[in-house]
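Annotation source TrEMBL lists transmembrane segment at 20-39, 51-69, 89-112, 132-152, 186-212, 238-260, 266-288.
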Amino acid sequence: QQHNVTSYGATTEAIITLEAFAGMWINAFIICVLCTGWVQKKTLNSNEKILLLLGCSRICSLCISWAYSFLSKVYPKYFHVHPVLQLAVFLQAFFNHCNLWFSACLCVFYCIKIANFRNRFFIYLKVKIDRVVPWLLLVSGGLALAIGIIAYDIADKPHGNNHTYARPGNFGKPNIKMDKHFFPSFFLTGFAYAASFLAVILSAVFLLFSLWRHKRKMQTKSMKNLSMDAHIKAMKSIFSFLVMYSINFICLVLKMVYVTKKRSHMTFLIVVFEYTFSGLHSLILIFSNPRLEKTLLKIL
């Protein structure tokens, strides 16, 4: 049975749909360009591998989040049929955390690849970066899968103790209290957000410090060349990433606070920024990559 959608719900869904499809188009462009180059060159470098997986995870995340948002407004009762809700929670948790961790891997890769430090361990990582990246991606995917499985289990527990949820007339009226099931999910999600954000912060700070030191060294030697301009451009890009990740982290934390307030204006703003982040950050990545930027400008 179709649910009556209010004007507020229709407006929010229209904005979310616009942002979701824009983000999916941007990430689909990245995937198409990288896959075309993969077919031509028969190989992908480490940066392209991370971008490819990041683009795929963001498309899946946006698609599933949009479908969940749309169906929860139009056909909300379907999510009370086991295991529709559990699968939706699992897929959202898995792809959202893939998105977070692959983004963190990209920042770590940029830090190791571009920054210059004389530490032996850092030099070792710099030399072995192409071997380190696949392991980083594998561990990130494994962590996201583990969080998805735990999220599925947490979502499944209330229904496991409530045998009346599938009866007609009981939709939307669970007989047990959900609060006690939220804490493990909040703790796990908060830990994953904080760990990925910490990796991004440390990578960005180290990289900015290295670039600033290199820029000052070239200024003292009165060296104005293409390398100088490239380092300044890199510093601006990393700083923009840092600002975006900081705002995104704040939104993720606020989302856990306002999770039970479905029609809060703050919840709406958080959701809007989450959808904007996936598209806007990918757009910045396109203009930071000469090949992707050149292809996009040709299309436009």
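A Cβ is built for glycine as well, from the same backbone N, Cα and C atoms used for every other residue.
Quantities reported herein were computed from a predicted structural model and do not represent experimental measurements.
Taking every recorded stretch in 51-69, 89-112, 266-288 and counting its Cβ pairs under 8 Å to the transmembrane segment (186-212), the highest total belongs to 89-112. When each of 20-39, 132-152, 266-288 is scored by its Cβ pairs under 8 Å to the transmembrane segment (89-112), the top-ranked stretch turns out to be 132-152.
With a cut-off of 8 Å between Cβ atoms, the residues of this chain six or more beyond the transmembrane segment (266-288) that come close are 12, 15-16, 19-20, 22-23, 26-27, 29-30, 51, 54-55, 58, 61-62, 65, 69, 99, 103, 106, 237, 240-241, 244, 247-248, 251-252, 254-255, 258, 296. Residues 48, 51-52, 54-56, 58-59, 62-63, 65-66, 275-276, 278-279, 282-283, 285-286, 291-292, 295-296 of the same chain lie 6+ residues outside the transmembrane segment (20-39) yet bring a C-beta within less than 8 angstroms of a C-beta in it.
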